[in-house]
Amino acid sequence: MGLEFLDIFEKWANEYDASVSGKDEQYREVFRNYNEILEYVADRSIGHVIEFGTGTGNLTKKLLEKELTVVGIEPSVPMRQLAHQKLGADVLVTPGDFLQFDTSLFPAESLVSTYAFHHLTDKEKEEAVINYGKLLQTGGKIVFADTMFETADSFADTIVQAKQKGYTQLAEDLEREYYTTIPVLKQIFESNGFHITFTQFNHFVWVLEATKQ
Ligand SMILES: C[S@@+](CC[C@H](N)C(=O)[O-])C[C@H]1O[C@@H](n2cnc3c(N)ncnc32)[C@H](O)[C@@H]1O
């Protein structure tokens, strides 16, 4: 369920923290303001937090520093190992993904994620949002940072520009995974009972903040 890209993370796990620090030129803009993005998501989280796609635990660490209680859900074994090394073995980072996870981890007031929701197709994104709408109480929040585009045309232009710059890996990534547009996400969340806002942090990444009505 949305796990077709897991191989990438098995290979990338050990280099991941270097990539987010801007080591890789192709991805430098994608990760520009990475710390500010994580900080912004953590600042908007309330109560008990469930984090999807924990990766190496960088957002989890910020959430814990804000004295929130957090459970991570991460499908990749090496990513979970790295998160545990960073956070300590007593921080709970469990197997699972956006669609299949242990519902006994609820109740939660916030569901958060950074750089991961694009692993789901738009249909799967809607399936996930319907499920989260059932699990959250009124006032419960979803705060997801991810690459998204204002229009299909700006998405297509970004791929053309990546190819022109010789960023073949970035272009392949944009064409392979399920990046979507803000109007599509707005429709998914609003038709399932959420009020939603979007805030941009670099050419690629926006944070969506959705509150259950
Ligand atoms: C680009 S990393 C982001 C890691 C971390 N959240 C961050 O911001 O640095 C994407 C993470 O999502 C995980 N992932 C991939 N498919 C997923 C899915 N269907 N559900 C949840 N997580 C997924 C990957 O294993 C990886 O750890």
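Cβ atoms are placed via backbone N, Cα and C, with glycine included.
Remember, TrEMBL labels are computer predictions, not curated facts.
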Subject >> Site co-member for S-adenosyl-L-methionine according to TrEMBL, given E74, D97, out of G53, G88 >> reply: G53
Subject >> Helix, strand and coil totals (DSSP H, G, I; E, B; other) for the domain 'Methyltransferase' (49-140) >> reply: 39 helix, 16 strand, 37 coil
Original post:
If you draw a 10 Å sphere on the Cβ of D97 (S-adenosyl-L-methionine binding site), how many other Cβ atoms land inside?
Top reply: 21
Original post:
Under 8 Å Cβ-Cβ from G53 (S-adenosyl-L-methionine binding site), six or more apart in the same chain: what's there?
Top reply: I73, E74, P75, D97, F98, S113, T114, Y115, A116, F117, H119
